[in-house]
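Enquirer: Please find one structure pasted underneath; my questions will follow.
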Amino acid sequence: MRMSVIGCGYLGAVHASAMAELGHDVIGIDVDPDKIAHLAQGRPPFFEPGLSEVLTSAMNSGRLRFSTDIADAAGAQVHFVAVGTPQKQGSHAADLRYVDAAIKSLLPHLAAGDLVVGKSTVPVGTAARLAEMIAASGTGASLAWNPEFLREGFAVQDTVSPDRLVYGVPGGDAGEHATAVLNEVYASAIAADTPLVVTDYATAELVKVAANAFLATKISFINAMAEIAEVSGADVTQLADAIGFDNRIGRRFLNAGVGFGGGCLPKDIRAFTARAEELGRGESVAFLKEVDAINLRRRQRVVDLAVSALGRPVHTAKVAVLGLSFKPHSDDVRDSPALDVAVQLRGLGADVVATDPQAIENSRARHPQLSYSTDLEETLRGADAVVLVTEWPEFRELDPVWAATLVRTPTIIDGRNTLNAAAWRAAGWTYLGLGRP
Ligand code: NAD
């Protein structure tokens, strides 16, 4: 099928490449000329495992092109909208200006039978409003909402083989047309018996934010237990194991630590509460404000632990920060707890040196005041405390005996509860986890 993907960020660039790899003929469009220049040369503008290979292979096949000109979307039967929906400045609501602008710019290039497919995460009610905008254009095109569930770090695999597909479609013939078109788009996933939910716009929009709200709640739940463990002497990691053995609960997403971040979970739960308030049902999801507050308190906890563990005034101390991206296998530092901790420690006067396998460039662009090093040895040398905040394999596998020879004071704050505490203590370290004695 011929398709356009409008917005080539973390979601769109992967989606465009994966769709071309699956055999479709794809044009990726973005208003950012730098991003398009990178992509057009087969170079991903961000780090995502496997993307480089899929991008190169799709471009070599001749089925993938990139452009900054929305007019190049003309002729495609399917137009995916994958632009950003960030948090509005000064508000918790989602900023829909990019989605609106993308659809408006697309209207003159639509033809009868075309399907516009929203992939961005939007507040419930957005698709119905955009569908009216498209209907009013008189082009004969229609709209579906097909939320995206990919995880950064596994984005290619999640796009090619999703856990489930959700189509939000209009009623009647238009809905049947949209479903048929999307079934063709996702033919390989459908053939692999991927669970499929075909529903209305509102449900499709809500599925996405509900899923993120649930995941965020699960993480904040265990982090709340960590807070209680900290004042009662219990061990939250054993608690998580024990409750996780209950199949109804499950062990995944029960890792207490510095909390969640990234370009989705934090802004999505805030936008959800803002939208619920607009709909007069703020109380239904008021608990998400607590989920957010617990999450942010964990960052503060890591900073406080580090400061209190330093054997000297913070402004005379060197702190080594291991990790900057919001999760491993990504260079994304949007709302990253790791970067936040580094910035807060720097703000308190510490000499912070931070390292990350992929996220230094993005971090430097946002926080040039921090010192960065690509070299782990240099980062650790002379440190009065080491703070692990992103569980990259190279940090998890750090040898405590070797690391002890580099630092001034062997104190480690394990902000992800990912290290073997006994091994670190045996190597002479003061080991401090979250919610662990
Ligand atoms: P992003 O900021 O990385 O990418 C958005 C892109 O849209 C940017 O490259 C921007 O230049 C482009 N853009 C903005 N306005 C445009 C326009 N009018 N025309 C063409 N391009 C335009 O954001 P992202 O992380 O890719 O997220 C995009 C959407 O997908 C958001 O709604 C997000 O919540 C959702 N989402 C993201 C993920 C993820 O893991 N990143 C997963 C699921 C859903």
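Quick reminder: no glycine exception, Cβ is built from N, Cα and C everywhere.
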Enquirer: Suppose a student reads TrEMBL and sees Asp30, Lys35, Thr85, Thr121, Glu152, Lys267 listed for NAD(+). Which of Arg301, Arg312, Arg334, Arg346 should they find annotated at that same site?
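Expert: Answer per TrEMBL: Arg334.
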Enquirer: Between the Cα atoms of Glu152 (NAD(+) binding site) and Leu254 (substrate binding site), what distance do you get, rounded to the nearest Å?
Expert: 19
Enquirer: Which numbers of helix, strand and coil residues does DSSP report for the domain 'UDP-glucose/GDP-mannose dehydrogenase C-terminal' (320-421)?
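Expert: Secondary-structure breakdown of the domain 'UDP-glucose/GDP-mannose dehydrogenase C-terminal' (320-421): 33 helix, 18 strand, 51 coil.
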Enquirer: Kindly point out which of the binding-site residues Thr121, Glu152, Gly261 have a C-beta less than 6 Å from some atom of ligand 1.
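Expert: Going through Thr121, Glu152, Gly261 in sequence order, those close to ligand 1 turn out to be Thr121, Glu152.
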Enquirer: Find the average pLDDT over the domain 'UDP-glucose/GDP-mannose dehydrogenase C-terminal' (320-421) in the predicted model and report it.
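Expert: Averaging the confidence scores along the domain 'UDP-glucose/GDP-mannose dehydrogenase C-terminal' (320-421) gives 98.
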Enquirer: Name the residues of the same chain, 6+ apart in sequence, whose Cβ is under 8 Å from the Cβ of Ala256 (substrate binding site)?
Expert: Ile222, Asn223, Met225, Ala226, Ala229, Val236, Thr237, Ala240, Asn417, Leu434, Gly435
Enquirer: With a 10 Å radius around each C-beta, find which of these binding-site residues (Arg151, Arg334) has the fewest other C-beta atoms nearby.
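Expert: Fewest other Cβ atoms within 10 Å, among the binding-site residues Arg151, Arg334, is found for Arg151.
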Enquirer: Of the binding-site residues Phe149, Lys208, Leu254, Gly261, which sits closest to Thr121 (NAD(+) binding site) by Cα distance?
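Expert: It is Lys208, whose Cα lies nearest.
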